[in-house]
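Let me begin by presenting the structure, written as structure tokens, before commenting on it.
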Amino acid sequence: MATLLFDDGREATAAEIEAIARAHRIVVEHRPVPAALAETLARPLLDDTAAATVLDALPPRPEFPSRDLIVLHPERPDNEQLATKFENWHRHAGDEIRHILDGAGIFGVIVDGQRADLHVGPGDFIVVPAGLEHNFRLTAARRIKAVRYLSDAEGWSAEFTGRAA
């Protein structure tokens with residue numbers, strides 16, 4: 001289940017996470033990863049066939065007609081380049097929706113002027129609403145597999161804010 005840590009090291013309670021999420025229109029839910037995907041998700045990298053298998057095992061969401069699977073792993077040649085890109089603070093015109101299937105990551109958000117880190121792992125489903133400044137960082141393991149949902153193609157474009165990572 002997702003955890004929220006503030007810059008001062010304090011961990012938010014479940015009630016605080018719910019209140020903060022509601023106030024900032026962030027959705028944080030737990031949606032179990034289908035057990036049938038365990039063997040496929042255990043692979044470090046996935047080819048197109050394996051990625052399609054993963055996507056086919058998850059129910060489509062009509063409100064998000066487009067989706068793909070992002071796989072970051074140390075064995076991926078451009079892993080650090082992609083990870084660094086996501087670390088830059090940015091916002092989107094559309095919602096950023098992720099369902100974490102394997103690995104872990106950290107969504108940084110600004111909550112009432114204070115930076116907070118939302119740690120996500122397998123089964124966590126998060127929606128960062130359009131316009132909310134955020135970033136994303138990998139954990140020390142440097143790996144994650146997540147479905148990215150999109151309601152419109154323009155939503156993928158990031159507007160970088162220049163805030164220091």
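Don't overthink the numbers, they just go from 1 along the chain as shown.
Keep in mind that glycine also has a Cβ here, set from the backbone N, Cα and C atoms.
Annotated Ni(2+) binding in Swiss-Prot involves HIS90, HIS92, GLU96 plus, out of the candidates HIS73, HIS119, HIS134, the residue HIS134.
Between the CA atoms of ARG98 (site 'Important to generate the dianion') and HIS92 (Ni(2+) binding site) there is a gap of 14 Å. Across the structure, HIS134 (Ni(2+) binding site) and ASP95 (site 'May play a role in transmitting local conformational changes') are spaced 12 Å apart at their Cα atoms. In this structure, ASP95 (site 'May play a role in transmitting local conformational changes') belongs to neither helix nor strand by DSSP; it is coil.
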